[in-house]
Amino acid sequence: MECVPPKGTPEPQVQWKKDGKELVVEGRLKLVDGSNLAITEAKPADDGRYQCVAKNTAGIRESTVAVLKVLIKPYLVKAPEDTVALVGSTVDFACAVGGDPLPDVLWRRTSAGGTMPLGRVHVLEDRTLRLDGITLLDQGLYTCEADNFAGVISATAVLTVHALPTFINRPLAQTIESGRDVSFHCNVEGSPKPFIFWSFEGDRTLIYPGTASGNYQVFTTADGRSTLTLKNAQPQNSGTVIICSAVNAVGSASTRTRLTVTSKEERPPPVIIRGPVNQTLPINSVAVLSCEAIGNPTPVISWYKESLPVTSSDRINASNPGLVEIYHLAKDDSGVYTCVASSRSGKATWSGHLLVENPKNPNINFFKAPEAIMLPGPPSRPHALNQSEGSVTITWGQNNKIGSSSLLGYQIELFGREEGVTPTWTVVARRVPGPTFTQHLLTPAVPYTFLVRAENGHGLGPPSKLSDIIIVGPDTAQNWGNPEVTELSEARANLISGNVVKLTEAIPILSTTIKLGWEILDAQYVEGLYIYCITLDSPPGLPKPYSMFTVLQSGGASSFPVNNLNKWSRYEFFLVPFYKTVEGQPSNSKTVRTLEDVPMEAPTDMEALLLNSTAVYLKWKPPPSDVLNGELSGFRVEVKVNGTNITDTISVGNNPNLLLGNLTAGVSYNVRVAATTRAGIGPFTAATIRLDPASRINDHHQQRPIDMQSGDFITETWFMALLISMVSVMVLLFGAMLLVRRRQMLTKKTMTPSRSNGGVLTTPLASKTETPLWLDKDTLPDYSATLPEYSKLTAQPERGGSINLHPNPLHQKEYTRPDHLDYGSEKSYPIGARKFKDYNDMQVQEYASPNLDSTRTSQIADYAEVDASMVVPNGGPTSPAPYATTTLITGGRRMGNSMVWMPNSSAHSPEEEPPYPSSNGGYYNRKVYSDSYFAPTQTLRRTKKDRKSSNENPPDLVSPTQPVYARVGPPGLSWRNATPSLSSFTPHKQVYHASTRSEPGNML
């Protein structure tokens, strides 16, 4: 709270008052900025009237009053709790809240039933929500929300509604012939969802989906209906009492029905649904006689009048046996007409009297057959209510349709197949008021069947469905489900009428034992209990197994421990009371799980990966879930150094791996791993590991089982995959090398002759079979002193020679070299009669001239391969040194960028023009060119001055008036004081090839 004090002299002092009293500022109360009051963690006690007081020696001034109200957020005093209730009961949800101001409470719910049912919901004064007459639709979430100016708070509770099992469809009694299939249907609803099973009276076998008993099978449809099917019913199945039962946590329900199996001989005779009735009709009118019958097999209908058959005539239409019409009635047509329906099973008869009178007779009351709508409807199926040794009491239900007149009573018809008696229906009672009737004088062990018809003033209506076969006799075991004055009948009536026993508890006391407790509500006819235990945690797709225990009630026991159960498994238990051979209605069920236990098996497949000299990565597989005996809580790892008693224990989570660090290389460790549950530690799996850093290099971090022997990795999948990958890569590389090599060879074969900055050494292909010669560098002479002045050479026709110069590729249009040079044995070099321009300043590099400086040391190449057919042998030693080859191509014309071959102007043949005459010291014809004539940095060029002063465009490399010579050998060779000599050697076949390319640096 702020306070700005007034100014004064001296400076006024500030104080605070609360509710008129001086306020002590301490603790949670502080003065900030000199005069402002700050209250931390405000409480309701801080409510009040606050004033700021400023005073000095001159006086006192007080501020206006400020009221502080501390609000409190809503808080729960009592929150709603989750509730489980039975259908039809009342539920209260408390919601006691506090706060300042008092919060408002709002209730809302989230359920299948939608919003709150206003007619059944009330909010009490203490904000409690009360819900009356709850139904299954009320199941859901209920939220209490409280709010005020300070905030909002909410709490939610869950309402779970339980409902007793209730039958939607009950199985009906079935009567079938032998060899046929029959099905019984049973549909039950409840909450929690009931467990439905089938059983047979006197037999403790349970049948439910996934199980079978003899020819009986059970399956469940999509809508939850359970169906019991009997295939190929036999006479021994007749009389079986079938029980459909349903149990859940709230209670149980059961119903009984009976199966009757008959043979073809035991089929009841046909039943006439509607027969002829008494009629009084006038003369010349039309009479209609009807007869409708059913049976198996389909009966044949025939008509009789006074024991004489009725046939079609000009006045009688009997083409449709079910409907006979008589036209132009006469008095002779009067009489009793009988309809007979017959089949192999028997026959049924129905008679009606027809009276034909004069319509003018006032004493006669005429009436015809009533319409079907005027008759009463059929009663319900009759069933036995009470049986004795020679009598039976049956009962039935009335149909709501009574017809066009009041009901007069019921007609009872009986069929019993006895020896020597024609099987037919016998009327044993008429106009019985009903709905019960007792038939006496029945023969024991004879099956009887009843049907009932209702009668009103217009006649008899259609029959009811046939009753189940009833057999009377001294054996009271046949009296299924019916009370009688016997001990068994009373016990049956008591045990099946309602809940006799209640299962109160199912408590797990051990991992294999569950203790059951129960309460018997009516012990008069309880001799003992059958305890049924159904295993719920069975593998998917397999039937749920069950076991049964018997506990006698003679000792007054109210609990029983069920032993030898599976560990950490769910079971459903329920009880069935019995008295001798009579079984009662099951109790409610309880679902419970046994306690946890330690795992039964150890982890498997432990593997280790050496990361470095001090770390190992371990992994393993946990035990299967069916042997864990509980929920996996983690793993226990024990690491022990061999030869010591020190053990390190490590707890690992649910992930089956561990990184072990700070280990010592070369030391063996014992490692044990076990799975753990909340009950304890299971068995260990042990292994020994030894850290060997060298193995890490060899293994390349490949993981392997710890206990694997050396060499076993060869059979591992990873090794096989690695080996196959390496072989595949090697094969691919080898194939690539072959492919590249083949392409290089094909390229050389198809490539045109070499282009270079010099000539190409050529020789006739035919000479390649001759023996080549050597040029011995040791005997080569020095021609430096005999080099002529090339600039002054002129053509001398008398010598008969000519200059053979190759055209300069740079200026081939203007400058043309002679076709060839002829050489003699003299030391001079005569030139033909052709004249050439004189280029005196042509610079010739020293390695291109045969006369070199005498001070130069000879650096001639080891040898050059030449053709013996083109030189004059000079003799000399043979050089064994390695040799350099040049590309030899046949003479001819070659057009290209770097070299142009001109037609040979000489008439001489190649034999007359040897390229290597001995007279010139091994110099060869100008038709011979090599890529290695000139080094890249040494060329024949003119000086820049001469090029500028010249008006012509001479070639850069050579002068037409100067013979240009080249020698065999690398640059810098000195031929001094010796003439090159030729020696012979024998090369391999196919030394030269026309397409072999000469590369710079590898050529002469």
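In case you wondered, yes, glycine gets a Cβ from its N, Cα and C as well.
Checking TrEMBL for region 'Disordered' across the ranges 808-830, 900-922 points to 900-922. Ranking 1-66, 270-349, 378-475, 499-597, 602-695 by CB pairs under 8 A with the domain 'Ig-like' (165-262) puts 499-597 at the top. Mean per-residue pLDDT, taken over the domain 'Fibronectin type-III' (378-475), amounts to 88. With helix defined as DSSP H, G or I and strand as E or B, the domain 'Fibronectin type-III' (602-695) counts 6 helix, 55 strand, 33 coil.
Residue counts for the domain 'Fibronectin type-III' (378-475) under DSSP (helix as H, G, I; strand as E, B; rest coil) come to 0 helix, 48 strand, 50 coil.
Broken down with DSSP, the domain 'Ig-like' (1-66) shows 3 helix, 30 strand, 33 coil.
Residues in the domain 'Ig-like' (165-262) partition by DSSP class (helix H, G, I; strand E, B; coil) as 3 helix, 61 strand, 34 coil. Helix first, then strand, then coil: DSSP counts for the domain 'Fibronectin type-III' (499-597) stand at 0 helix, 53 strand, 46 coil.
The helix, strand and coil residue counts that DSSP assigns across the domain 'Ig-like' (74-160) are 6 helix, 50 strand, 31 coil.
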